[in-house]
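Peer 1: Per TrEMBL, the features are:
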TRANSMEM  76-95  transmembrane segment
TRANSMEM  195-214  transmembrane segment
TRANSMEM  220-240  transmembrane segment
TRANSMEM  379-402  transmembrane segment
TRANSMEM  414-434  transmembrane segment
TRANSMEM  454-474  transmembrane segment
TRANSMEM  495-515  transmembrane segment
Amino acid sequence: MVLEGKMVHPAADAVDHRGSPADKCKTGGWLPASLILGVEFCERLSTMGIVVNLVTYLIGTMHLPSATSANIVTDFMGTCLLLSLLGGFLADSFLGRYRTIAIFESVQTLFKPGHRHVCCINSASTVSSTSLPRTINNNMCTSQCIPNGNIVCISVCITVGTGGLKSSVSGFGTDQFDENDDKEKPEMNLFFGRFFFLVSLGTMMAVTVLVYVQDEVGRCLGYGICTISMLIAILIFLAGSQKYRYKKTSWSTLIHIFQVLVAAVRKRSLQVPKDANLLYEISAESLRIHHSDQFNFLDKTAIITREDYAENNIGSPNPWTLCSITKVEEVKMMIRLLPTWATTITFWATHAQMITFSVEQASTMYRYIGGFQIPAGSLTVFLVAAILISLAVYDLVIIPTLQYRIGKPGFTNLQRIGIGLLLSALGMAAAALAEKRRLANAKEIAQSTATQPISVFLLIPQFLLVGCGEAFIYTGQLDFFITQSPKGMKTMSTALFLTTLSLGFFLSSLLVSVVKKVTGWVGTESTTGGLIAFTVSWLY
């Protein structure tokens, strides 16, 4: 392609920062994708540096019950991830992924320093006023720390910022590769693995370096490092503005979905013709999605009737009564994502248990190596290490082996999800067995919450198995939701993927609350150990 006297190799459906067709030689590829990976690394370092050690802070410093502390953490994370739907909607319909990342990343950075106060106040309001003294003592924070109006503002801004950022980062990274280019498409597949590798690496630094700083030096310094990492992320992201490839936004993908559903209901009495060529279609040949026989009820949307044009004087059909078959097929594609979406929610409830109750398990066990005491929150390093090792083995061993033997570049996305679910089930079995042994030891010494003479390394198998499972599930889900969704809805599909994490956290909170009531109702002592044992056994 020749543009203004220069030879240009345009990327499909992409423009550069000036709005001109994106030249493959000057935009996209691994350089800008690496900058986007750097953004995700800093964001993960910042978020997990706060969240992973929060449950021990709420229990040890705030003196909240274990179930309440776990639910505060999981509810906060669930809300952040649920709001990714808002970010996905804005990115696909109005702002584009670049502006969405820049805006929400700035919001998250601006209000990050208030995170600790928010969690303290929220926890204080969760329990009755008689549960906590309304004074500040030994670094305790209560409802008098900051005004309630500021609490609401900071809470909303942090959750919105996190949700808006996470919905767009992975999609914007894949935008840097042309899926229609045989050379660049394999690079897009590699991006998913490297994206999660950087996510896990940021988490590992958070659960080792930042957790140690918070426990041994001070939480203020630890949270300050989190804020600085987000500032660095903004600078890294903006540095690549001229090298990025940008996708044009399409007008409100959600409205298109609603139009198809409404039109199908309006025409529910019509009979779908056997010849699909009789259905309405105006999309360009290169953009068309061929008709499928699944969900035939929606095909009624594309049946042409006189009434479709009656309400419009300019001759074009009413989009709320007649939609092209391509729009119908896009909605069908989104519906096909839902079964896979639903099957992975329980796994993320398992993940929530790993970063809350498993950390609390560790806090009651012997954690010394020589004279050094391992912070309880740092036990999740085994979860992250398992993820990193699994990703490395998959990229360096499994993919080349399968490519050589059967000619396929690794497992399919659904196969990876299945492997991850199996490994997570084994991890929960290991957690139940470990807790059974810990409870037996607690009964022998007649104390269930004090430090017990049983090694914390008993918990390693559950962290390793769930970590390996997460490596397969996360990359498989991300690949599935991005590649199997319509082009104009990729950010929304990423947000849909993130809602599985959100609902998993909420499921964990619900499960903990139900188990606590059940164990109390049958007269069982509501100890930390009993709650953990029932919870992990149910998940298994």
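For all residues, glycine too, the Cβ spot is worked out from N, Cα and C.
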Peer 1: Going through 76-95, 195-214, 414-434, 495-515 one by one, which has the most CB pairs that fall under 8 Å from the transmembrane segment (379-402)?
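Peer 2: Between the candidates 76-95, 195-214, 414-434, 495-515, the best contact partner of the transmembrane segment (379-402) is 195-214.
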Peer 1: Between the stretches 195-214, 414-434, 454-474, 495-515, which wins on the count of C-beta pairs under 8 angstroms to the transmembrane segment (76-95)?
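Peer 2: Comparing 195-214, 414-434, 454-474, 495-515: 495-515 has the most Cβ pairs near the transmembrane segment (76-95).
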Peer 1: At a C-beta cut-off of under 8 Å, are there same-chain residues at least 6 beyond the transmembrane segment (195-214) that contact it? List them, or none.
Peer 2: 37-38, 40-49, 52-53, 57, 170, 173, 221-223, 225-226, 375, 377-378, 380-381, 384-385, 387-388, 391-392, 471, 474-475, 478
Peer 1: Does the transmembrane segment (454-474) make contact with the transmembrane segment (495-515) through 3 or more Cβ pairs under 8 Å, each pair 6 or more apart in sequence?
Peer 2: no
